[in-house]
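Shown next, in structure tokens, is the structure this report addresses.
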Amino acid sequence: QNMKMVPLPEKAYGTFFEGDCYIILHTKRTSRGSAVDLHYWIGKDSSQDEQGAAALYVTQLDNALGGNPVQHREVQGHESETFQSYFRNGIIYKKGGVASGFKHVETNMYNIKRLLHVKGKKHVSATEVALSWDSFNKGDVFLLDLGKVLIQWNGPSCCIAEKSRGLMLARSIRDSERGGRAQIGIIDNEKDSPDLMQIMRMVLGERRGELRDAIPDTKADELQKANVRLYHVYEKDNDLVVQEIATRPLTQDLLQHEDCYILDQGGFKIYVWRGKASSLEEKKAAFTRAVGFIQAKGYPSSINIEVINDGAESAMFKQLFQRWTEKDETQGLGKIYTTGKIAKVEQVKFDTTQLHARPELAAEQRMVDDATGEIEVWRIEDLQMQPVNPKTYGQFYGGDCYLVLYTYLRSGRPHYVLYMWQGRHASVDEITACALNAIELDKKHGDEAVQVRVTMGKEPAHFLAIFKGKLIIYEGGTSRAQKSSPEPAIRLFQVRGTDEMNTKATEVPARASSLNSNDQVCYLWCGKGCSGDEREMAKMVADIVSKRDKHTILEGQEPAEFWEALGGKAPYASEKRFQEQITQYQPRLFECSNQTGRFIMTEVVGFCQEDLDEDDVMLLDTWEEIFLWVGKASNAYEKNEAIASAKEYLKTHPAGRDLATPIILVKQGYEPLNFTGWFNAWDPYKW
């Protein structure tokens, strides 16, 4: 206001004049201290001077706060998901501005006549439009605000979520602007509300002609967002040079501390990264350079800009890189187990009895329960389900597909987890049949099962636990009666795990280079780095794999025939190597939409259970697992496309994700603990 920063009363948060600019400071406590975001918001009718002043103040605030905040440039109608998450009840755009005498909060002002066009399902915004039937369309919610009366008119093709978010906004106007003294009326079907329609006609006149069709939102799809490019930005002889240096997958070492970079996410968002050791001039010029870059690229001026400081990167920025390592960081971005060249991986024991009391532990450990439930296993044979002999439960062959139904009791009633295990050498037909049979099996259990897609070698923690240390994975072949190929004469199995909850044996090529000094072979080969617990588990597995006598061999004391069987001695992984540590991954929630034929995801920042709407398919990404939550009222097309959407999400993820990440399908009302634990204060009775 008059080029100065003037604080806004809290009641006015979420209301913006189109002729003004605003600055928003948001601070949130995190496990590593606090995360600070600074946004400057540009109204569509604001002056160039005001825009310049806002950008300048943000830079000054950033300096005052020690260069830690992430800075954002927001343009009216195109705000970032982070910005929208601050205003849970929605954002209201008002005509005019402070300069033209408008005040922000005038409570109990009843001589009002305005029409608000409400848009959005997850993030709601309301724009003041002309008081005329011409402003209406069939697909959105409109709010006629007459001071003492608020009439919510729902378009015939609105969904439940849009209607309920519209009502939240109407209540918020009533409570914050009218001191709670206003009536709200709702028109869901014009024929059923003659009195309210009469008021609308008095204000807007008679309606002539048909209503317009809904206007689809133009949103960036996932393919566009996956197209990340990194540019080096520097000055040369007073000219700004922008040089492309890499495309996806990007690696962290491309960012040098002496320089500044621009990361272009498919023209959907622009990030500016400022190196610690870059000059003050360079740091100051960040926003101007980003705006110049947008103009040079011919992008719309409404595009989001985020300015990030070296060492204080946002979660959104970090996940655009293949892997991101923090200094002094101990917790990995998902543990990476590769059979082969990594020796010793420390496993941490945890107490399963605590899972029900602490769902966040269930989420962190990726455990549904304590794994004491019932198991049934079927193999896919001639595209049908064939029961597997319970004596061989836990043995999986790479040439087959299996269905594993796990049943456990919670609050006295059965809950189900259905695992679809896909062998590496199974045919496409078998994999498809496996998925189809899973749907049938789920139907038999009242459509209540949590479905988990498991790729061979990527078995989730709970899957290991339910087989009590007897999980053995054979590289190829089949467990069918009539086997097509003879079993190999020499087999080598790598055993990993310290107790019944976390052990599995995986067949590896019978060569010396497959040895890893923490693993064992029958001979029982004990690496120098393995613990007594691991040896005990290996003995148990050895009895299942082979009925022959067991010879225990210690590393360094192998007889000649042992090496002969493996085709001669060769180098193998022996030192205690630890994996590279990667940043703790923040879980992210997205609304998935596939209706337009384009795959579009909308992120919900700072999510909670309220964000799961009955007509949604939501994707929760916890890095090691992908959950798909399916609402009761979601449409059949999106339900059927859910798994395909999750695969598409992994494929287009800028960080180049592992396509074998487990995908878990969860239905509304039947959420397991390892899902609800990611939400703060989950209410099991909400639905």
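Placed from the backbone N, Cα and C atoms, the Cβ positions cover glycine too.
Residues or ranges marked as domain 'Gelsolin-like' by TrEMBL: 3-83, 124-196, 246-317, 385-464, 599-675.
Taking every recorded stretch in 124-196, 246-317, 385-464, 599-675 and counting its Cβ pairs under 8 Å to the domain 'Gelsolin-like' (3-83), the highest total belongs to 246-317. Mapped onto DSSP classes, the domain 'Gelsolin-like' (3-83) shows 23 helix, 29 strand, 29 coil. A contact links the domain 'Gelsolin-like' (124-196) to the domain 'Gelsolin-like' (599-675), because at least 3 Cβ pairs that are 6 or more residues apart lie under 8 A. Break the domain 'Gelsolin-like' (385-464) down by DSSP state and the numbers are 24 helix, 32 strand, 24 coil. The domain 'Gelsolin-like' (385-464) scores a mean pLDDT of 91 in the predicted structure.
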